[in-house]
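Heads up: the structure comes next, in structure tokens.
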Ligand code: ASP
């Protein structure tokens, strides 16, 4: 794909070469994200960070990525504080805000809304999550994490990957985008573990099978995670249910803790989660007793989000080759953080 000036709305826009390009640029961002070097390549540029649904990591890591490249961030959070609450259309909001920014990241509760917004925008728009539909930057950082974790184990290839996705696969947009992304690779085994009512949408399962992948669906976790490289847990997407009581029917069904891990998983199985993990006692998706397990990759995964989002900004705003020019070492204390 041509990155410069493009919207990033769906993971389906990428081919395998594009993914390699994003990952290669993300690797080059490490000295900046790891606070060894400072670059001002986006000095003067403005990111419009518009989040109309709750977010911590995605909003802050997009903002942090832009800041680390030297740009400034303007934020809108929630409907109540924006003119959308006064009846303004997405079209009008896009026409106006794209005059104030060089690039926009948007999260919105309605599937397809970010694409509608992008169609009216005068600047590139990135999808920070549109309802239950997609979360393309999360899928990229997830795959980047998978690749890095496997490299640490001495494996260089994503072909032949075995992954279990666990939890709310119906409404979880991160697993939707990740499955679409895995269709670009060969010979992948995807174990889909969810309550029957929250299964992965049929169209996505079909896409995986058409790509030649092995798909196994189950409603039980123990036993189903015994032969996987990655166990990817997800949260019950409470906000997509009619009410909390309905979400409570499923909450806590798949709890992974150290004892279950030891009993069921291979010694190197990597544990991932897009976060936030629901740590309330009635859910406890990933128990705190996993925190010392070296295969718990959830915080490395969140760190990787900054690298991947820096790469996307650098590619879309076409500054990859200028990032290192005029960079300098940091002059404050940064040891032991990464
Ligand atoms: N943070 C992810 C998302 O926005 C996952 C989640 O919320 O459960 O989709």
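Backbone N, Cα and C atoms are what each Cβ position is placed from, and that goes for glycine too.
Note that TrEMBL annotation is computational and uncurated.
Site annotation (TrEMBL): carbamoyl phosphate is bound by 57, 58, 135, 138, 275, 276, and the candidate from 107, 162, 251 recorded at this site is 107. Take the Cα of residue 138 (carbamoyl phosphate binding site) and measure to each of the binding-site residues 86, 173, 235: the nearest one is 173. Taking the Cα atom of each, residue 57 (carbamoyl phosphate binding site) and residue 235 (L-aspartate binding site) are about 15 angstrom apart. Taking a Cβ cut-off of under 6 Å from any atom of ligand 1, the binding-site residues 86, 107, 135, 173, 235 reduce to 135, 173, 235. Checking each of the binding-site residues 86, 173, 235 against residue 275 (carbamoyl phosphate binding site) by C-alpha distance, the shortest gap belongs to 235.
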